[in-house]
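*Asks:* Here you go, one structure.
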Amino acid sequence: MASPVNQQLLHHTEVRCDGSGDGSSVTVRINRQHHQAPSRRCKYSISSSCSSGESGVKKTGGSGGARRQKKLPQLFERSTSNWWNPKFDSNNLEEACVERCFPQTQRRFRYALMYLSVAGLLWSIYFSVHMKTKLVSHLVPTLCFLIVCLGFFFFTFTKSYARHCTAISLLVTLLVFTLTLASQFQVLNPGLGSDSLSNLTSFSATGSSSCLSQVGSFSICVEVLLLLYTVMHLPLYLSACLGVAYSILFETFGYHFRDESCFVLLVGRMAHWELLSKALLHVCIHAIGVHLFIMSEVRSRSTFLKVGQSIMHGKDLEVEKALKERMIHSVMPRIIADDLMKQGDDESENSVKRHSASSPKSRKKKSSIQKTPIIFRPFKMQRIEQVSILFADIVGFTKMSANKSAHALVGLLNDLFGRFDRLCEETKCEKISTLGDCYYCVAGCPEPRPDHAYCCIEMGLGMIEAIDQFCQEKKEMVNMRVGVHTGTVLCGILGMRRFKFDVWSNDVNLANLMEQLGVAGKVHISEKTARYLDDRYLMEDSMVVERLGQIVAADQLKGLKTFLISGGRTRVPSCSCSQTLIPVQEGTDLSSPSLAPHVQAAISETSDSHTNCTQPETLKSCPSCGETAARDGPEEGVSAANGGGEEWKGGAPRPSAIGASLKDPERSPESSTGDTLTNSQASLYDMLQEKGRWCGVSMDQSALLPLRFKNIREKTDAHFVEVIKEDSLMKDYFFKPPINPLSLNFLDKELETSYRASYQEEVIRMAPVKTFASATFSSLQDVLLNYFIFVLLSVACLLKPGTNTVSPPTLALVLLSVCGLLGFLSLLVSVRMAFYLEDMLLCTRRLLEIISGWVPRHFIGTVLVCLPAAVIFSYLSSDFYTDIHYTMFLCSALLIPMVQYCNFCQLSSSALLLATITGATMLILIYLPLCPQRPPLDPGTDIEANLSTSNSSYETLDNPRTELPFTRLGQEIAVAYFLLLLLVWFLNREFDVSYRLHYHGDVEADLHRTKIQSMRDQADWLLRNIIPYHVAEQLKVSQSYSKNHDDAGVIFASIVNFSEFYEENYEGGKECYRALNELIGDFDELLSKPHYSCIEKIKTIGATYMAASGLNPSQCQDSSQPHRHLQTLFEFAKEMMSVVDEFNNNMLWFNFKLRIGFNHGPLTAGVIGTTKLLYDIWGDTVNIASRMDTTGVECRIQASEESYRVLVKMGYDFDYRGTVNVKGKGQMKTYHFPKCTDNGGLVPHHQLCISPDIRVQVDGSIGRSPTDEISSLVTGGKGAVELGSGEAERKREKAEERGRDGGAR
């Protein structure tokens, strides 16, 4: 097992960050996340991500836990500290955000022009109906403005607008300022007296007027300021300066140039109270505008980051998926791998937990489909007919490896088997495994193909040519002996750990025999295989009888006729990598269906490049292997591949296609990703380097963290920008959001439900406030601004009664007190929910969790947002026809609560309804006065004077013409309120969409992040089942892995009577292997126990289980107990015996018998292969451990003398067996465990004599004993390789001692 530090690099990692709020200081921590099933209420959820710039530390629980810092959060992730100019702290991000969000800005500006045009058109209609004398002076500027707006609208569709959008917005703003301020220049009429009755008579005589009341003009001012802050897209400081200047000029011109003939009843200058009150109203509208501006920028940039993260996560997802495919394809064929990955994609949660399926907690057998419990684990094994099987052995390998060190030996095997792996892909064969110096593969399995025999023949001939090239490059003298047979096989995977795809059948055994009885340099085929071939090959009789004798031919071949193939009749020599031996079949799918099109294209290009390499002369530019043939050149110019990666012996790394694609700055990320991931010839080193590189980039890009050095941050930002520019998701995201265009609900009902519950979930999780866009802090801002507006409006409404020393209405005072108390309490609760929620009592938190639900929160928010409007209505109901100036001010003040509905984005579904009700109520109060019996009086007198006015005034005012001002006032306010409602509706819609898009971006990023983590866990789990984790960590920094271990333990455990259980007549033996799979799965479950973490399963060889301990140096650092791992391995062997006994108790008619061999000592561990990786161990220690098994006694553990001396000191009692004959070692003393008791009987004498040299495998296969693997050639003390007794003796002994090999059938 890897150390905790190393484990964080790949498995269950999470990046968390603490930002200081200004984005200038970020600390990155990598925390270990325990693998546990999350409890989610719904499909969509938001979790704390590393990109959020978390500004606090979560409280760990208890009063003594760390408390979060209570400080103002940053505006948004990666924002600068300048709140008056919200922007990213990176120029790359800021420019990309402006560019990607430009379509949204452009669309909003067009809407603004359309709104201005509609407003101008409505006011033109109003003026044309009501004005008689100044028709031209009002209509001409308005019509000109409409034409200008139309021109700007069409200009936004040109490319020039993108370059001058800010200047255009500023020009339109100044134009609107000029036009609206011009209406304030109203000519004074000195001919009018100050007497109200005379003015009324004069007005009645003319019957016309040409100006707006202060309600209409103030509504225009409000609309202009809202447009300035929300859709003109000018910098905040510029918008604020322009807005303040506009407010000052608006009120100044309105105060000095008011036309007293506009409304006769409104005669009189502005009072000081009105001037101050209007100033407070402007403060309110500017506060609302600034808040809308900041939150719009915050949400747009946050959404940009979230969508960008989704894009990056999508790229990472593709990388992780391709990486997972390559890793899983290294242990099983594509068709089986695709089925497994499809199941993992459909059931991601199950795929994440797949590793736990082999844990001790899940001892009950799993069921994948049936609802009723079954006793077997999921098991897939197929019986396929017409499959060609190839076995190939290196002739002369013993002599070649005699003077090689272990590291050099692994390197040679890697180089040679790497060539075979590439050749296997080209010939469409499926590699099964390597057995020492033996290589075997199949064709037509698991995907049937009619040319399976040709594939194997081409593979065999290509291997012969490849080893010839190998000999010329390495100056060695070796050759290949190849055997091919065609028949029926069982194919599948056994076990739950360190699994590999394998084949079993008697025909597999016969193919192995073809290789043993073959001739070096030729392909030995059976008569059945020859029936599938035509005359394209040079075929001759094998002459087995003449070469080996009649007895051998009769006993082993049993009359089977065989042939030798020396080559093709028109065969063209191939390069050293043996490419393009057969043409690629039309319609062959070279790519995974799950990869993106650009990845498939890269595979096709790679395949095409392979076809160009056909002759030895072209070795200098072979694109598939990258090798250069230098037959006559110096030795240091020859390339060698170690650990699956190629390197120059001269020292400098060779530039490869993979390296070039990743290091070329001119290439796009997509193309480099495709080239990197689709080259099936990439080694494990390349795979791990890609995983480390892309996973690291994924963390940097998805989190967008300004890591400790500026250059790193700039590089990651530049890469982030480069990737999102090539993706259309950003544009589609803003133009085609996944929401209903009418109701603004998400199209996904489950997502809508999750959205409505998101606020409550955040309160329940006590999520820390990270940015202004956080749900709880956003609500706090809304409540704070609402209370601020409420206070200012209350003060403004109290100024008039205060100046007249008249007490305000009782209803208004009571309502003011109640509303003020409610607003203050809501503000306190919002502050506590945002910053101090964890400090509250449990019952209080439960109450807040309840009221934070969708319905309670909307009800409370509706009450709060209506408080300012309720206060104003209380004044209107009392003083409506008492003071017309005060009434008009209240009508103007009522515009502020209507605008304020834009702030509550979380209540946007009901905000428009509330604003509509408010405006409609105002119009009803104007058209249907509450006191119709009381005539409107002169505003210049006090209330008492108005009440004592003479009856003659009533008679004068009974004229119907006197109602015209109020009729026009109602119509004017109706137009003003309608336009304001239209603007509020537009802004509400835009902000609601942006708020939902921000949430959807969070969800998408979180789902991608979760899925990527799931795939990383799957890939990590697969990687652990290919090679040990500590080996994978080493291969990240080195191109090869081979390590000598001085003290490692090895066991071989065989089911000795499985051959009696195995029967091919029933379903081809499939159900027999199902039982074996169950037993091996039980052995694998033992390894899942933490106590056995130091034990590594090496492989299964038929019905033999091989495991070792002491292979991880980080777990063997306890100098006080250097042999502790041996005790653990021995305990594991004992428990295997118990598992077999328990398994036999569940068997109805058969009892398996387990035999275990134990040994320890020095050995060599390494990884060989490129496309099909194999972690294996070699050495005398492995050889003796295998002999301890093959010469052992059933139901007992046989240990060597050296292991006995170590184990007996640990308290284990052994029986001394005596000496047994071990090939290569002579007579060895062995010991048995457990020790026989007096009444337990002696071990039968016939078992003591068991010393088979030829053993038929339990599944009927004839295999190669691990003693004949190259492990037997490595001496324990010096790491050198033993020399054999001669090639003739080796041929004779190999035919006799193929007992059990590393997986041959």
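Cβ from N, Cα, C; glycine included.
Keep in mind the model is a prediction, meaning the values are calculated, not measured.
As annotated in Swiss-Prot:
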type	residues	note
TOPO_DOM	1-110	topological domain 'Cytoplasmic'
COMPBIAS	46-55	compositional bias 'Low complexity'
REGION	46-71	region 'Disordered'
TOPO_DOM	156-164	topological domain 'Cytoplasmic'
TOPO_DOM	186-209	topological domain 'Extracellular'
CARBOHYD	N199	N-linked glycosylation site
TOPO_DOM	230-235	topological domain 'Cytoplasmic'
TOPO_DOM	254-274	topological domain 'Extracellular'
TOPO_DOM	296-778	topological domain 'Cytoplasmic'
REGION	343-369	region 'Disordered'
COMPBIAS	353-368	compositional bias 'Basic residues'
BINDING	D393, I394, D437	Mg(2+) 2 binding site
COMPBIAS	607-618	compositional bias 'Polar residues'
REGION	607-680	region 'Disordered'
COMPBIAS	670-680	compositional bias 'Polar residues'
TOPO_DOM	800-810	topological domain 'Extracellular'
TOPO_DOM	832-859	topological domain 'Cytoplasmic'
TOPO_DOM	905-911	topological domain 'Cytoplasmic'
TOPO_DOM	933-966	topological domain 'Extracellular'
CARBOHYD	N946	N-linked glycosylation site
CARBOHYD	N951	N-linked glycosylation site
TOPO_DOM	988-1305	topological domain 'Cytoplasmic'
REGION	1261-1305	region 'Disordered'
COMPBIAS	1287-1305	compositional bias 'Basic and acidic residues'
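Tell me about the setting of these features in this model.
*Replies:* Across the topological domain 'Cytoplasmic' (1-110), mean pLDDT in this model comes to 54.
DSSP states for the topological domain 'Cytoplasmic' (156-164), grouped as helix (H, G, I), strand (E, B) and coil, give 4 helix, 0 strand, 5 coil.
Sequence-remote contacts of a segment are chain residues at least 6 beyond its ends whose Cβ falls under 8 Å from one of its Cβ atoms, and for the topological domain 'Cytoplasmic' (230-235) they are 85, 105, 108-109, 111-112, 165-166, 169-170, 172-173, 242, 289, 292-293, 296, 987, 990.
In sequence order, D437, C438, Y439, M480, R481, E515, Q516 are the residues near D393 (Mg(2+) 2 binding site), counting only same-chain partners six or more apart with C-beta under 8 A.
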*Asks:* Tell me, how many other CB atoms lie within 10 A of the CB of D437 (Mg(2+) 2 binding site), whichever protein chain they belong to?
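*Replies:* D437 (Mg(2+) 2 binding site): 25 neighbouring Cβ atoms within 10 Å.
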*Asks:* Restricting to the same chain and to sequence separations of six or more, state which residues have a Cβ under 8 Å from that of I394 (Mg(2+) 2 binding site).
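*Replies:* Result: M400, L416, D437, C438, I467, V478, N479, M480.
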*Asks:* Counting only residues 6+ away from its ends, which parts of the chain sit with a Cβ under 8 Å from the topological domain 'Cytoplasmic' (156-164)?
*Replies:* 102, 106, 109-110, 113
*Asks:* Mind tallying the topological domain 'Cytoplasmic' (230-235) by DSSP state, helix then strand then coil?
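*Replies:* Tallying H, G and I as helix, E and B as strand, the rest coil: 1 helix, 0 strand, 5 coil.
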